[in-house]
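S.K.: So that we are looking at the same thing, I have put the structure below in structure tokens.
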Amino acid sequence: MSSKANPPQPVATAPKRSQIPILDSTMSYVEAGASGPTVLFLHGNPTSSHIWRNIIPHVAPFGRCIAPDLIGYGQSGKPDIDYRFFDHVRYLDAFLDALDIRDVLLVAQDWGTALAFHLAARRPQRVLGLAFMEFIRPFERWEDFHQRPQAREMFKALRTPGVGEKLVLEDNVFVEKVLPASVLRAMSDDEMDVYRAPFPTPQSRKPVLRLPREMPIEGQPADVAAISAHDHRALRLSTYPKLLFAGDPGALIGPQAAREFAAGLKNCSFINLGPGAHYLQEDHADAIGRAIASWLPEVVLANQTDELA
């Protein structure tokens, strides 16, 4: 490690949960760390900031870690909205403004990556770096969407009017079946109860149903597909440091395809975590946390160099 990197010094505070008014609702978030760059952790569906619980302790000594519960998820409010991707953009933007978060290192998975890509495309000067895994992108064909045919059939059902409502709103299948099936280790009852808690009723599960229907597959929905394509063009042109994690066989992307994807980006490192499916944070928290903590000095140095250029 170069002495010129001036890496952040280990200073951390214990994680603290806070609630803040955002637009017509509230958003809950976990914060840890006291100095260094701001590291923003963005989760996906149907999880919450809880999924970062074993990763943040590795990173907090080196940066200010903030992990929000997206609107409608975790302990955040559940306003009467459609919970489209663009709703999440609106609430996340307001959240960042409310906390006066400017320059960030983004860490994201699942729909958190779509939000991270969109933020980076619109405000590249605010992005210090991006670590991501199991990411959203435009899928030209259903065959491109998932590593497992059974999962493709499940998502087709979730996108079918009436069928999706039965599966998610009534049976809570995304939390009870999809989530644990996408983690290799056995989830404990206590762990599952945390993920169940935000969704006790059919009405509370609206956000969980909406996002599978927002997935840009075969050009639909058209507005999300167009934005995702735009954001990925911006991602390919960007020069900020990137770190892509993959598991084997993965879910949205396998390790070989992920390696090739990373090679097509500028300034992107790749880490194969080994056996893993979709929720890699639940199977490889320590490895992910250590890798991000080790990568932070590189991000700091890259941004210092840019400032001097």
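Each residue, glycine too, has its Cβ placed from N, Cα and C.
Okay, so Swiss-Prot annotates it like this:
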- 37-148: domain 'AB hydrolase-1' (DOMAIN)
- Asp110: active site, nucleophile (ACT_SITE)
- Glu134: active site, proton donor (ACT_SITE)
- His278: active site, proton acceptor (ACT_SITE)
S.K.: Sequence gap of 6 or more, Cβ distance under 8 Å: name the residues on the same chain that satisfy this around the residue listed as 'active site, proton donor', in order along the sequence.
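M.R.: Set apart from the residue listed as 'active site, proton donor' by at least 6 residues yet with Cβ under 8 Å, we have Gly44, Gln109, Asp110, Thr113, Ala246, Gly247, Gly250, Ala251, Leu252, Ile253, His278, Tyr279, Leu280.
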S.K.: With DSSP as the yardstick, break the domain 'AB hydrolase-1' (37-148) down into helix, strand and coil residue counts.
M.R.: 43 helix, 27 strand, 42 coil
S.K.: Find the average pLDDT over the domain 'AB hydrolase-1' (37-148) in the predicted model and report it.
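M.R.: Per the prediction, mean pLDDT sits at 97 for the domain 'AB hydrolase-1' (37-148).
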S.K.: Around Asp110 (active site, nucleophile), how many other CB atoms lie within 10 A of its CB?
M.R.: 27
